[in-house]
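*Asks:* Got these off TrEMBL a minute ago, pasting:
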{"type": "DOMAIN", "residues": "1-133", "note": "domain 'Peptidase M14'"}
{"type": "ACT_SITE", "residues": "GLU103", "note": "active site, proton donor/acceptor"}
{"type": "DOMAIN", "residues": "179-476", "note": "domain 'Peptidase M14'"}
{"type": "ACT_SITE", "residues": "GLU446", "note": "active site, proton donor/acceptor"}
{"type": "REGION", "residues": "558-582", "note": "region 'Disordered'"}
{"type": "DOMAIN", "residues": "614-893", "note": "domain 'Peptidase M14'"}
{"type": "TRANSMEM", "residues": "982-1005", "note": "transmembrane segment"}
{"type": "REGION", "residues": "1041-1062", "note": "region 'Disordered'"}
Amino acid sequence: QRFVLSGNLHGGSVVASYPFDDSPEHKATGFYSKTSDDEVFKYLAKAYASNHPVMKTGEPHCPGDEDESFKDGITNGAHWYDVEGGMQDYNYVWANCFEITLELSCCKYPPASQLRQEWENNRESLITLIEKVHIGVKGFVKDSVTGSGLENATISVAGINHNITTGRFGDFHRLLIPGTYNLTVVLTGKKENVTNLFPEKKEILLLTHIRKLLYKMFLKVFSTSFKKSLPCNLFSGEPEFKYIGNMHGNEVVGRELLLNLIEYLCKNFGTDPEVTDLVRSTRIHLMPSMNPDGYEKSQEGDSISVIGRNNSNNFDLNRNFPDQFVQITDPTQPETIAVMSWMKSYPFVLSANLHGGSLVVNYPFDDDEQGVATYSKSPDDAVFQQIALSYSKENSQMFQGRPCKNMYPNEYFPHGITNGANWYNVPGGMQDWNYLQTNCFEVTIELGCVKYPFEKELPNFWEQNRRSLIQFMKQVHQGVKGFVLDATDGRGILNATISVAEINHPVTTYKTGDYWRLLVPGTYKITASARGYNPVTKNVTVKSEGAIQVNFTLVRSSTDSNNESKKGKGASTSTDDASDPTTKEFETLIKDLSAENGLESLMLRSSSNLALYRYHSYKDLSEFLRGLVMNYPHITNLTNLGQSAEYRHIWSLEISNKPNVSEPEEPKIRFVAGIHGNAPVGTELLLALAEFLCLNYKKNPAVTQLVERTRIVIVPSLNPDGRERAQEKDCTSKIGQTNARGKDLDTDFTNNASQPETKAIIENLIQKQDFSLSVALDGGSVLVTYPYDKPVQTVENKETLKHLASLYANNHPSMHMGQPSCPNKSDENIPGGVMRGAEWHSHLGSMKDYSVTYGHCPEITVYTSCCYFPSAAQLPSLWADNKRSLLSMLVEVHKGVHGFVKDKTGKPISKAVIVLNEGIKVHTKEGGYFHVLLAPGVHNINAIADGYQQQHSQVFVHHDAASSVVIVFDTDNRIFGLPRELVVTVSGATMSALILTACIIWCICSIKSNRHKDGFHRLRQHHDEYEDEIRMMSTGSKKSLLSHEFQDETDTEEETLYSSKH
């Protein structure tokens, strides 16, 4: 709504207050902060006060302020007392609206019996103020040719530095007190005239420097006016290009050229073939001013000074980026952080940084290891020279190479280009950071010897650089482009590496597998590789006109056909469930939310009117949670996990379509905050997340599906006792960090946990082993840590843990830059915003370590702010910073591997052990389900269950979808670890051998026995003459008989003799 006049009704005094409410000096009281419309505001305030019986006296006589008086019942806001962030100032500065603040009574909340009198006091004043909306001048701004109203035209009043803009139909209302004024109407692309607004030619020239308010208006006009006519969506395979201007605030030519380029591209799209083709084939990003604060300080006509060069903190932004040779000790500035985040968010291919002070194109490297002026060659030196020449050749003065003869008579740049370090050494430059940390090739273009030329010279700058600007953008279409695809399913592979033989500078693919690699003409050996795939190398010839398309199709290291031989007979993998259309729909949603700007679109379509204006005490938190459950009983359940040392409840809120009902097929995620009571930001973020999900359930389709397919458990305050002792705005104080017994709870997660808070979490959440992911929120820095917090040599599943931590950091606007810039740690550098816990703050007994070791659940810890307990005023911005990251965790928990284990009869097998990559173990839940998060790539799975044969399989995990695994067990027929058939065969053969051996032995023994008897018989037959002797001997003494009977030697000899005869 384009409001013209407004009144903001307050209480506590009786006076009409008008802008400004604060001043640059922020003096507590007594400083008159005048607006450009001070006379109008005084007129409006008097209109109200003069009709109020008490206010017009200027003597409200409020208790405690009996001596306070206001002339005519009105006051300038800042003159009364300084108020930062007031609404009336915002209305005046950022909208067309004039607002005053009306203090209506000394008592802020008077008894109801006084309301009638208050109405009588204010009725006439209220009506009078409404009538004042019709003072001043009003009218329409129309196109003289078509007669249609012109929206966003600027209405300027001579002598009053405050403009307004026209509405949708060209209508405007400008409040003015009686008098004579000169009005001017301006619309970009139109002549400055009130009644004759003729369209200009599309070959536009800037005739003036665009200052702060007009700058914002200019960008707004072009972002809305051409939204439908220009192709703004990202298409796979379309390269990203960027120009950045005004990095040094007093170097303004680049800023003005980019504003002109915006208009030139928009106005000529669809009519100029060159522009149309460029816009349709390229995604062009233009940042006219990287240093708007410095620009506001700069001075027109400046040639050599440094006024406005640095940002408002007085740091040179082009010495503020992480450097390959030098440790940058200056704190990373907000502009630097914002730009690095932006450059990490898009797969930029080519870029130029527009400066002033000379006339040359400067290419990497900007510094060298020795820190001296010498040629510092990058691996792509030939490419950089080519793209630099593409700009300088179109600028005849630049190409001559002697730019500033009067200022630097000895300076010479052959063909108008130079290696940065060979010119002079610049550590911490942006162009080198682009080349080393992203896929982007960036050069720095110096546009003129005068840093801030007079506006009359701007048309000449446009003429000199227009062709160069266009020609340079075309260079983004040189070299090699294409896609890296998965041979199995044809999908693009994210973060595949494209390397060129003999050029040590690889680039990586984007989300759909697309890549661009700038190269000069020639023949190259190019290799595409990715984790879990066999690399592919191709010989490619690059030509001078246009990029050649080269696609790579990579085969997984163990292809599906080979996988089948490695799997158990019943193991199968899939990423689809064609039998369930709702599952397919949800899989599509997860892919969409994983895509670029997927989460942004979710947030834009969501109701996000959250009241983040104060912290919740324990009592407030309890009431808030009960209120959610009362208002959303079908998707929430509130549980008391236990009590703190001082007997406060430790609340657990479940959000799901079937709260408190076991759904083992759904992934379960845990959010925990407040383990340290002095860091309550996490608590407030989790309360905001819970409210966000509840508010948008059944209103936002994406949120609805996430809630219905996820079991979300939120523990907002693990240490409520410590939280009650902590104090707001204590950024470094440790008061409240421990529980009431003085124990740091993050050192008590052991098998002998001693604290009630720790026991409650262990027994009721962690030991249930049914969570797929846990996110803990803490404070004291801005980073994410992953297990382990204890010092260990190796970390199992490190890639997955680091992947989860990086996912959170990458969805945060600044965390992934790795520069928390916390007080007393300004030089702290955390690559990617992610670090193993032990490397950051090593300690034993942490919750994340216990969760991984005993809960079989990966857990990351997010440190949300440098200040432990920041002001409540920072909560909205902290929620804005972390909202996307928190939602990304709800999306990520639906990836990894979803599995189902059953036997051949279809019976689910619970409590089976799933071993991943020979290290990580999880157990199947009730119903045979299991779920585990894994980093994208190929992973090995072993499934073990008592009474069944062990199963082996491999699965490929995508970055944007879950992989499904169904494992079918065979009954274990093994005996002593060997197959039953083998054991039976060997046993049978062994028994047969034993039986045969026994038979042979028996036969031999039998033969021997028969031969012995037969031998004595034959002897007796042939020696009858001895019979008498034997008979006679038998009548002798018994002793003689026995002695003769046991003469074994004789018997043996006889037997041997007999045997030898045969």
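Cβ coordinates are placed from backbone N, Cα and C, and glycine is handled just like the others.
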*Asks:* Is the count of Cβ pairs under 8 Å between the domain 'Peptidase M14' (179-476) and the domain 'Peptidase M14' (614-893), pairs 6 or more apart in sequence, 3 or more?
*Replies:* yes
*Asks:* Could you state the CA-to-CA distance between GLU446 (active site, proton donor/acceptor) and GLU103 (active site, proton donor/acceptor) to the nearest Å?
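*Replies:* Distance (Cα to Cα, whole Å): 55 Å.
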*Asks:* For a quick check of understanding: among the active-site residues GLU103, GLU446, which residue's Cβ has the most other Cβ atoms within 10 Å?
*Replies:* GLU446
*Asks:* By DSSP, what is the split of the domain 'Peptidase M14' (1-133) into helix, strand and coil residues?
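*Replies:* Secondary-structure breakdown of the domain 'Peptidase M14' (1-133): 52 helix, 25 strand, 56 coil.
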